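Feature annotations, reproduced from TrEMBL:
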BINDING   G132, T133, F158, D243, E244, V245, Q246, T306  pyridoxal 5'-phosphate binding site
BINDING   R161, T305  N(2)-acetyl-L-ornithine binding site
MOD_RES   K276  N6-(pyridoxal phosphate)lysine
Amino acid sequence: MTTQPTARHRADVAPDALPVPATDGSVAQWTDRYSHAVMDTFGPPQRVLVRGEGPYVWDADGRRYLDLLGGIAVNSLGHAHPTLTAAISAQLGTLGHVSNFFGSPTQIAFAETLLALAGAPEGSRVFLTNSGTEANEAAFKLARRTGRPRILALENAFHGRSMGALALTWKPAYREPFEPLPGGVEFVPFGDAGALADAMGDDVAALFVEPIQGEAGVRPLPPGYLAEARRLTREHGALLILDEVQTGMGRTGRWFAHQHDHLGGGVVPDAVTVAKGLGGGFPVGALIAYGPQVAALLGRGQHGTTFGGNPVASAAALATIGVIERDDLLAHVSELGAWIREAVAALQHLLVTDVRGDGLLVAIELAGPVSAAVAARALDAGFIVNPCTPTTLRLAPPFVLTQDQAQTFVDFLAALPADPTELTA
Ligand SMILES: *Cc1c(COP(=O)(O)O)cnc(C)c1O
């Protein structure tokens, strides 16, 4: 093992920079070291990656992959985007971190920008976090402050892994090893407005809902559901809290998925949580509380964070939003997403039973529980995709992906066997 810095890809580092960890070593060597140092919560890494550029990443053996997962809907601008890199570096070189006893212009401008993109009414406020689960923890505490005991979430929902967000997450295998969890959460069937009406009451603090369930396989709510959820929550004085951690910040071709007509057009929520794509790869999340009454639910001293709203994270988010606006990427996300769905459908491949999604959040449904086998083949062929359910492949590529690059994956799909039994993991 060498301690020499590899300057190959770091031409811009200052001459007095300390050595960065050597990238020398094969994928196999790094995987072995990983297993002795990193807790085994994720299983062995599929590859050990050393650098990225645009929609591509390279592993320690020098192999290139088209990153169609984008770090799970995070790397909106791709890898090593020069504008994002420059914004983070400039902020770190000016004012990197201050406690939340202080504000910074970058943080304040970021909060204002989020409120504007959300179209949030006068009196709305944001609470800045470092991740999606923390944004949902803040939303959970907001809901508790209504003084009402019950919280509703949807079957198959995913809201995060910390204890509060986990209580809102449906999958029993995620929840049960950690019980008792914060109480009062009940699950109602996905997309069933009648069941929601039956469960709703004046003792309900909030309904948590993803406009498109991401982890569950890119499953959009049926048209009209959010409008009905808004009507019911308003009637009973409950909060409507949208988890847009995966679907927000342009992923679906609008800044927020609920802004699409077919998902929730016209619905004004009480709160929205975002994270994943918000900082383009820099960890940052937010809870947006709509209107002065909701924003006032969390008062002075009732919530806090050391890092949330850190100037560097705020600069990363502002730069990511700025590039999406400057390069008109929302239109590209819509067009390329539609193109991918049409191109995959046009294959009329017997292995593919459905292709769905909005913008660049795409699910390819397979004719059997072979998504892991297909993802493994894809990786060997140089494509990163995600088997998010046994039958579903998820794509959440960078917004800078081109049609030609996407075509290479369509060609890969076309060459797959039609019979799922011919695919072994
Ligand atoms: C990923 C995700 C979360 C959790 O975000 P983390 O940053 O991993 O904590 C919460 N909700 C949804 C809908 C997500 O997709």
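Even glycines carry a Cβ here, placed using N, Cα and C.
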Other CB atoms, at most 10 A from the CB of F158 (pyridoxal 5'-phosphate binding site): 25
Which recorded positions sit within 10 Å of V245 (pyridoxal 5'-phosphate binding site) - Cα, from R161, K276, T305: K276
Annotated pyridoxal 5'-phosphate contacts G132, T133, F158, D243, E244, V245, Q246, T306, maximal Cα-Cα distance (Å, integer): 25
Residue among binding-site residues D243, E244, Q246, T306 with Cα closest to the Cα of K276 (N6-(pyridoxal phosphate)lysine): Q246
Local Cβ density at V245 (pyridoxal 5'-phosphate binding site) - other Cβ atoms counted within 10 Å: 29
Cβ under 6 Å from ligand 1: qualifying binding-site residues of E244, T305, T306: none
Cβ contacts of D243 (pyridoxal 5'-phosphate binding site) (under 8 Å, same chain, 6 or more positions away): G132, N136, A139, A157, H159, F208, V209, E210, V272, T273
Sparsest-packed of the listed recorded positions (R161, K276, T305, T306) - C-beta count within 10 angstroms: T306
Cβ neighbour count within 10 Å of Q246 (pyridoxal 5'-phosphate binding site): 28
Other CB atoms within 10 A, centred on G132 (pyridoxal 5'-phosphate binding site): 28
Candidate nearest T305 (N(2)-acetyl-L-ornithine binding site) in space, where candidates are the binding-site residues T133, F158, E244 and distance is Cα-Cα: T133
Local Cβ density at E244 (pyridoxal 5'-phosphate binding site) - other Cβ atoms counted within 10 Å: 31
T133 (pyridoxal 5'-phosphate binding site), number of other Cβ atoms within 10 Å: 23
